[in-house]
Amino acid sequence: MESQQLSQHSPISHGSACASVTSKEVHTNQDPLDVSASKTEECEKASTKANSQQTTTPASSAVPENPHHASPQPASVPPPQNGPYPQQCMMTQNQANPSGWSFYGHPSMIPYTPYQMSPMYFPPGPQSQFPQYPSSVGTPLSTPSPESGNTFTDSSSADSDMTSTKKYVRPPPMLTSPNDFPNWVKTYIKFLQNSNLGGIIPTVNGKPVRQITDDELTFLYNTFQIFAPSQFLPTWVKDILSVDYTDIMKILSKSIEKMQSDTQEANDIVTLANLQYNGSTPADAFETKVTNIIDRLNNNGIHINNKVACQLIMRGLSGEYKFLRYTRHRHLNMTVAELFLDIHAIYEEQQGSRNSKPNYRRNLSDEKNDSRSYTNTTKPKVIARNPQKTNNSKSKTARAHNVSTSNNSPSTDNDSISKSTTEPIQLNNKHDLHLGQELTESTVNHTNHSDDELPGHLLLDSGASRTLIRSAHHIHSASSNPDINVVDAQKRNIPINAIGDLQFHFQDNTKTSIKVLHTPNIAYDLLSLNELAAVDITACFTKNVLERSDGTVLAPIVKYGDFYWVSKKYLLPSNISVPTINNVHTSESTRKYPYPFIHRMLAHANAQTIRYSLKNNTITYFNESDVDWSSAIDYQCPDCLIGKSTKHRHIKGSRLKYQNSYEPFQYLHTDIFGPVHNLPNSAPSYFISFTDETTKFRWVYPLHDRREDSILDVFTTILAFIKNQFQASVLVIQMDRGSEYTNRTLHKFLEKNGITPCYTTTADSRAHGVAERLNRTLLDDCRTQLQCSGLPNHLWFSAIEFSTIVRNSLASPKSKKSARQHAGLAGLDISTLLPFGQPVIVNDHNPNSKIHPRGIPGYALHPSRNSYGYIIYLPSLKKTVDTTNYVILQGKESRLDQFNYDALTFDEDLNRLTASYHSFIASNEIQESNDLNIESDHDFQSDIELHPEQPRNVLSKAVSPTDSTPPSTHTEDSKRVSKTNIRAPREVDPNISESNILPSKKRSSTPQISNIESTGSGGMHKLNVPLLAPMSQSNTHESSHASKSKDFRHSDSYSENETNHTNVPISSTGGTNNKTVPQISDQETEKRIIHRSPSIDASPPENNSSHNIVPIKTPTTVSEQNTEESIIADLPLPDLPPESPTEFPDPFKELPPINSRQTNSSLGGIGDSNAYTTINSKKRSLEDNETEIKVSRDTWNTKNMRSLEPPRSKKRIHLIAAVKAVKSIKPIRTTLRYDEAITYNKDIKEKEKYIEAYHKEVNQLLKMKTWDTDEYYDRKEIDPKRVINSMFIFNKKRDGTHKARFVARGDIQHPDTYDSGMQSNTVHHYALMTSLSLALDNNYYITQLDISSAYLYADIKEELYIRPPPHLGMNDKLIRLKKSLYGLKQSGANWYETIKSYLIKQCGMEEVRGWSCVFKNSQVTICLFVDDMILFSKDLNANKKIITTLKKQYDTKIINLGESDNEIQYDILGLEIKYQRGKYMKLGMENSLTEKIPKLNVPLNPKGRKLSAPGQPGLYIDQDELEIDEDEYKEKVHEMQKLIGLASYVGYKFRFDLLYYINTLAQHILFPSRQVLDMTYELIQFMWDTRDKQLIWHKNKPTEPDNKLVAISDASYGNQPYYKSQIGNIYLLNGKVIGGKSTKASLTCTSTTEAEIHAISESVPLLNNLSYLIQELNKKPIIKGLLTDSRSTISIIKSTNEEKFRNRFFGTKAMRLRDEVSGNNLYVYYIETKKNIADVMTKPLPIKTFKLLTNKWIH
């Protein structure tokens, strides 16, 4: 064979661009160019014609003699080793690098020109010579065939090789146009193939068959350069060569890919137009073929619609499918899918009719129609390198197992396929040869081959468990009459004649033998991959070869049709006698009926019943002996298993082994119940229970959801509790297969802790009886307790917890002990237990006034888990508290009398039980008690409150027998409190805040006025009620004003129309005197003129009027009322919905009636909509929470689990900081180094742009005379301190331009080389925002400028040296700086002084005092930020005049002149601004965030949902120590710095609503726990979801005579570590938010009032500075205002009493604040808490509140 001859050649030699080729050529793979046969033949004919004169005379050539070329020797004479071939384009084996060529493919000067190599230049003549290869032995570029297994050379091949040198290779034509490149590259590839370089040509998968050598690469490069001039190359080729001018392989690969794509499209269109289908192949295969073609065409831009596709498909239908062409042609909207449904239906009908005829032998048509796959339950595991390509599909396997009816005679197989590589051989038919492959038909005369069979080959089958062959010629060691049962895919027996060995002789000269079965009744000869795998042979369908496990290639695999084949030439023939095999053996068992057949015949009855029936002759025609019962015992009928499947029998007492094998608390059962619907958000919807197998001790935990992290927290809690309290380790936990238990997170947790999860089997609930029965028992108890007590359904878990406590204390009838006794705990002290729902009176230790009653009605729920108190529900406050200060409400008419238990009361029995406990309570009541533990850790449903938008009913009025006791009990002792009608509310508002399930903050001890409209800090609902006006020392009077008020707790004592005056005590903040303020009517209030301010001891009076003003000073020019309205009118405050009037019923008389006999259908149905009128809370610390953030994050969940753990303290502060020190936040590095931008940049276009920017920067440096170019200094002569390292940095701006900057390494600059006192000033962000706001209100033009290389205009005073830029190549030299290079410590200050001097002296500007980089004159305002200038002016010509002056000195570019009257877009210092003069301004960063956030590697939108708020209330950061290695710690700290750095940049630019979260998380940069990172991810996720939000400004009303500057202040008392408070301020100019600040108070405050005073005092200095700036930039009068929601703070500011302050720090701040308010003409007003937009700066808010406070100014 030719391939075998080529494989003998010596190692690769190297030759010229024109090489000889053998007479016959075996190609290694399919032509990647898919050149048509006609074109190939034309090319070959042309080549033959051109070389026709050279066939007889070896020295003849088609090219004239060239003086550079020596005449070659005749081809018959082998050249010497160093042969006389000095030609520049020829090389022998020992001449790898001739002159004119360089190593590794880099060409040197080539001594010949392209025309000398072109046969078109000289006409061929007998005297002309053309470079050629030497004889075959030394063929320079011959490639050995990797599949040539023989190492010997026969004479014929040698002769052929000798004659092959007589032919010469015709070079490709010259490329003359870029458009001709596709055709030219085809001829060039053909040229390489003729030059024996076919192995280096990339195949269809882009990889060559073998590795190219360096000399071959040189040959490739030179020939390409010669025949393809660079001026005629396409652009994409030039781009490749610009990266690597020797990468010809990449050009060839892309060319092949392009041509393959074009060829594939044409083939697909032709195939689709010529579809044919008659049912001979499976319908699913036909559908797959068609849909794949349509999909490929659609993906390539050739759209095939349904109508056209259906027409093409129906046109090719024939046979039984033809009628579809007539039934479907009228359907206009028919789809391809619908058409294939009909085709599948017909195909399945055909197969059903054929399969219903059992026959061992089928005709030839059956071979094509059977589509059932071969299934063999006993087949071993299939071993294949690429199982996707194995022949195990339905269609393939079915045809492989069809039974043939032909009589195949034994024959000899001499098939052979010549193949020089391991690439796949694709054969479309028996005669189709691609790339020169030859297929010699087998001489075996097989008759009636299948149409899709490849003769002379074995079909590779991964589904066959045995190898089957029709011819006995290759069977060795055959034995006839084997007792082997073989069935096909339809479970039909295949008669086997003999069994023997099949012996292979592979091309690596190894022999292998496998077992084979002989039968003539098959369609194909099958070679089982399973049996090959048993002898360490696998089929690799990636390379299409049979190989061993060590990678040794044994034989090629041929793909023909849909199957893969291997040639029979590797089989060794045998001399077996055929007649001895063809004698089919018939055993005794074949004459009997098989039992499976009888089993199915008799309706799948069992074997015992069938045998009994045959014995008793109830079934006739055959006897019991006629059935083969050998397989009846172990036979399993699949249909019986499916149809008669039942659950396994649960074995009683099966858990006894666990009780005996495990110690207490080692084996737990757990289950989850829920959800319970129609409950408020604060109430849990699920609970999870645990039961110990040995002790039967039970735990229950509430759950709000079933998320992975929630369940994980419970498991962590229970395991820690058992370990610490019982010194036991849980070994096994039994649970069901719910997703909350089978998730990966919990599985890893259990695995980490060495716990074995024991799951129940599917649908086997009885195996989980312990947990299921416990849940049922607890739910029964829950329903009973709620029904008995009449408590609302949202307290359902309290009933569960009460039942758990009791059940753990009751003895089991089986064990005679309680669970507590088994656990080693003391019995339950019943004297500490109260009936569930027992009415009690709870002491209120902090009433709103001294005359308020101190008792609050409540209902006992269960003993506290975390203290010695009791959990009590207070319906008036809509919360539960943990307290010991309560008294049991007693009376003859007990709460339980409604159940008619013989009219019995249990008061005396209850007294007797709780006598000792009462004495304890009584003794403690002597002291001032603070046990109303609002700070309790009992957080799962504490602080349950109603929707805050409606007023709340507080039931705390003292009741007399006259107005509370019914007639039947009116004569009772008046000292006893009657409770006949004490009823707990049935339901609460379903909108109860989820955030309020956590304990609220302690009430401030600051005196407050009790009013139904006041908040916890003195809030009001009416916004337009100013409390302070500017104070004047010359005009200070006390106000005697009072207003009509309703007592907060006794709101029902007064009617709405009541007009009498009532004195209300007012407690003081720092004094001891109490004063009374008479209530007056609204009419009198409006007529009052306020002249005097009350003392500090008096709290401010209240009025329902919206025009009540309590001033400190009365302005002389503007009335107080107009000032207040003017300041508040334009503020972006939320609009609150109107509140409906609410009645406040008597706590003991007007509670809504409850029908105790009303029953709930189920716990899941709790929460009917018959709740009474919702009542509202006024406490600022309790906010409404509409929904929770719906993104699942680990640890992002409130830890609300409860167990029997001992009492423990827990700090209740939001987002606590775990570290004190915080490093500076590092910004994200957006620049590239030189090596990143240029050296190793694979993006050619980007690289070119960076190179251009590099040269531009160098030219600018030289132009500016940055360094002294006259002298270079030696490094050894200069003090190292004065040598500054330098570098180039590159970045891409948002406008798409690429920029390079040469900078100094100022970060390592020595301190002696600069003046530390100099400062680099830039414009303050507040100054820029103020200027922008004034520009909008005054219709200013805004012009943006940029000064190129600004720092280089500033001279440098110090003596500094730098290393020259890299392109200069002077690494050992230094140059002296003359200009302020970017990066130096002093450069910024030098530039600031330079530009400042120029603006003042040349431009006539002056700098605003106190505001650096803000310059102004009478017409123009300039804000300077390094080299960026923003100009504001009423007259655009004034801006142009400044620009003209600047251009005289500096290279000034106009970024945006701002002359358009339409919307103009700016990019100013990172802010993306949309400005339409006289209308609006929008500030955002959408484009910047869209670019930067994805680079942070934060997972965005894990569930595809957007966040509605940046955080949720009630979350705590764990303070546990981090267990983390140093490298991981540094990595996470760096990640936190990047994330918080970006968030800070955005927050302080315009997203002031995020400042609280940013400030809090910034404190945790050095504590990067998983929880902290998750919270940071949530913040980044929210920024991503809201990246399109903008700060919206609208132009102020033109009629406004003044500028109004307002600071809104707020504080959250004690919500930071070490009892520090969070304070926040928002600044507004003319109703536009221009800045915000959120920070932790520097001092520890002891009350809410102190925190509010601290917040206000922090806002005043900046307010005054902004006021000065505004007056300098705009000459309008200015009104300054302070808004706060703390009345007590306002009272202190306006008071003149200086006698008492709580401490000197507090007193100092208060006194200073008084002076600042008085001396700076500040107006102080009260703002309602619900409208205080600064609330977002101090605490995390629920979604509804967050949106309400921000949607007016940022959206």
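Including glycine, each Cβ sits where the backbone N, Cα and C put it.
Swiss-Prot names D1427, D1428 for binding Mg(2+) 2. Of D1346, D1355, D1372, the residue it gives for the same site is D1346.
Residues E1652, D1685 are recorded by Swiss-Prot as Mg(2+) 3 binders, and the candidate that the same record lists for that site, out of D1610, D1715, is D1610. Taken residue by residue with DSSP, D461 (active site, for protease activity) is part of a strand. Counting in whole angstrom, D1685 (Mg(2+) 3 binding site) lies 83 from D461 (active site, for protease activity) by their C-alpha atoms. Most Cβ neighbours within 10 Å among the binding-site residues E1652, D1685: this distinction goes to E1652.
The Cβ neighbour count for D461 (active site, for protease activity), using a 10 Å radius and every protein chain shown, is 27. Every protein chain shown contributes to the tally, and the Cβ of D1610 (Mg(2+) 3 binding site) ends up with 30 other Cβ atoms within 10 Å. Confidence for the motif 'Bipartite nuclear localization signal' (1178-1212), expressed as mean pLDDT, is 37. Between the CA atoms of E1652 (Mg(2+) 3 binding site) and D461 (active site, for protease activity) there is a gap of 83 Å.
The two recorded residues, D1610 (Mg(2+) 3 binding site) and D461 (active site, for protease activity), show a Cα separation of 78 Å. Secondary structure at D1685 (Mg(2+) 3 binding site), taken from DSSP and collapsed to helix, strand or coil, is coil.
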